[in-house]
Amino acid sequence: MKIHADSSSLKIPLCFIITGILEMAAFFIAAILLLPDLPVTAPRTPYGWGLTHLFVLGWASMIAMGAVYQLVPVVLNQSLFSQKMGMFHYAIYLISHAGLIFGFFFFHPRWIAVFGTLLFLAILLFVLNIGITLLRARQWNPVTLHAGSALVYLILAAFSGMFMGFDFILGKLGVSHDQLLYTHIWLGVAGWFGNLIIGFSYKLLPMFSISHSHPVQWQNRTLFLFNLAVAGGALSNLTGIGLWSRFSIMLLAVAFCLYVYALHQIRQSGIKKNPGAGILFTLRVNLLAALCLLGIAVCSFFVSQPAFFILTIWTGLWGWVFLTIIGYLSKIVPFLWWTFQYGNQVGKNKVPLLSEMIQEQKLKRALHVAGFAFLTTVPGMVTSSAFLFQAGFLLFSLSSLYAISIIGNVFTFRSKEEKACV
């Protein structure tokens, strides 16, 4: 694997990841302050919409885009199509998503429409930059195909979101707002985040487990079934055919089980049995998420669509996307910062080990508390218990803030030699 020690190639992912970490902290602080007003069900208030988009656009997508800018060139062993386009994308995305979030918080429809359009243009720049990089390399495998699929769903999610923004102003576009919203969520959560996490898991887990000879047939089957489920779920909600949505969730659950099995194969062939606390945590999250998704898929045939859909999104977005991202981030951030700080010193000076840059045991405890706290929010949602939900979410917020502070401390790391020079 080629390490890109050139500081210019690391500037873009660092900008996205550092900004994402700061916005994640802002999200949880705001959520704690607004905790008494947080709904147990779907967010239907300006504050709820603002917080949701602060999480999705400010934390999750910022981190995801930073990871894409770092990992796609590594996977392809090829430079990014345009560094300048990447920095321009960062600037436009930062302005547009911040404006959109404030538009939701203060429920200013024109802000939502204007900044939503600007956000669409920023995402288009990202898709073009990464898309051209993938097409020029012509290296098609489960990792790159999942990444390419994620780009397609991202642009569709952005377009549907922009369409909803104009619907706020005009209110006569001829499409059910709820149907469009559910389609938007399918495209964004399952299509964009799902494909990206699954694809990059096939790269990150072998990297940190030192696994070079694992089968890929189950990865290919997961790719097909997962994207079939996402496309079916999005179309069923757009057309209002609820039964298709239920079958799509069932198909999604099957695909997810295949994904978990593919990860198991990678682990079995790995030389390193302890890839790190964050990676081991994500493997447990994946297994639990597969079981939850199977249960939700079965229950979806016996409960009303809004109820099972909201629970599915909550479980997927917080129980899988968030916990998986933060687990992987605990390895990506030290690797990225080590490369940026010490990559050009290898072979010349003594450099620290990656394991020295993060407090693994503290991180392990924080992640497991966050996972437990999330589980307590689920019965709160099912029973509509505001006390149980808010108590669980408070613990979830505090433990997540602690975990991200441990990861963020990597940027302040100084080796023993550096401290001795002071």
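Including glycine, each Cβ sits where the backbone N, Cα and C put it.
The feature transmembrane segment is assigned by TrEMBL to 12-34 (among others).
Residues or ranges marked as transmembrane segment in TrEMBL: 54-76 (among others).
The feature transmembrane segment is assigned by TrEMBL to 88-107 (among others). Note on the transmembrane segment (88-107): residues 12, 15-16, 19, 46-47, 49-50, 52-54, 57-58, 61-62, 65, 114-116, 118-119, 121-123, 125-126, 129 of its chain, located 6 or more positions outside it, place their CB under 8 angstroms from a CB of the stretch.
The annotation transmembrane segment is assigned in TrEMBL to 113-135 (among others). Long-range neighbours of the transmembrane segment (113-135) within the same chain, counting only residues 6 or more positions beyond its ends whose Cβ lies under 8 Å from a Cβ of the stretch, are 57, 65, 68-69, 72-73, 76, 78, 80-82, 85-86, 88-89, 92-93, 95-100, 103, 144, 147-148, 151, 154-155, 158-159, 161-162, 164-166, 168-169.
Below 8 angstroms of C-beta separation, residues 68, 72, 75, 109-110, 112-113, 116-117, 119-120, 123-124, 126-127, 130-131, 134, 175, 177, 180-181, 183-184, 187-188, 190-196, 199-200, 223, 227, 230, 234 of the same chain, each at least six residues beyond the ends of the transmembrane segment (147-169), sit close to that stretch. As annotated by TrEMBL, transmembrane segment applies to 147-169 (among others).
If one looks beyond the transmembrane segment (181-202) by at least 6 residues along the same chain, the residues whose Cβ comes under 8 Å of a Cβ in the stretch are 56, 60-61, 64, 67-68, 71, 142-147, 149-150, 152-154, 156-157, 160-161, 164, 219, 222-223, 226-227, 229-230, 233-235, 237-238, 245, 252, 259, 262-263, 266, 282, 286, 309, 313, 316-317, 320-321, 324-325, 328. Taken from TrEMBL, the feature transmembrane segment covers 181-202 (among others).
Long-range contacts of the transmembrane segment (223-241) within its own chain (CB-CB distance under 8 A, at least 6 residues past either end) are made by residues 142, 145-146, 149, 153, 156, 176, 179-180, 182-183, 186-187, 190-191, 194-195, 198, 247-249, 251-252, 254-256, 258-259. What TrEMBL records for 223-241 (among others) is transmembrane segment.
TrEMBL lists 247-264 (among others) with the feature transmembrane segment.
As annotated by TrEMBL, transmembrane segment applies to 285-311 (among others).
A Cβ distance under 8 Å defines the sequence-distant neighbours of the transmembrane segment (317-340), meaning residues of its chain 6+ beyond its ends; these are 3-5, 7, 10, 13-14, 17, 21, 55-56, 60, 63-64, 67, 70, 189, 193-194, 197, 200-201, 204, 208, 275-279, 281-282, 285-286, 288-289, 292, 351-352, 354, 357-358, 363, 367, 370-371, 374-375, 377-378, 396, 400, 403-404, 406-408, 410-411, 413. Marked as transmembrane segment by TrEMBL: 317-340 (among others).
Within its own chain, the transmembrane segment (366-387) has Cβ neighbours under 8 Å at 40-41, 277-278, 281, 284-285, 310-311, 314-315, 318-319, 323, 326-327, 330, 393, 395-396, 399-400, 402-403, 406, counting only residues six or more beyond its boundaries. If you look up TrEMBL, you'll see 366-387 (among others) marked as transmembrane segment.
If you look up TrEMBL, you'll see 393-413 (among others) marked as transmembrane segment.
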Cβ-Cβ under 8 Å with the transmembrane segment (393-413): same-chain residues at least 6 beyond its ends: 18, 21, 24-25, 28-29, 31-32, 35, 38, 318, 322, 326, 329-330, 333-334, 337, 352, 356-359, 362-363, 366-367, 369-370, 372-374, 376-377
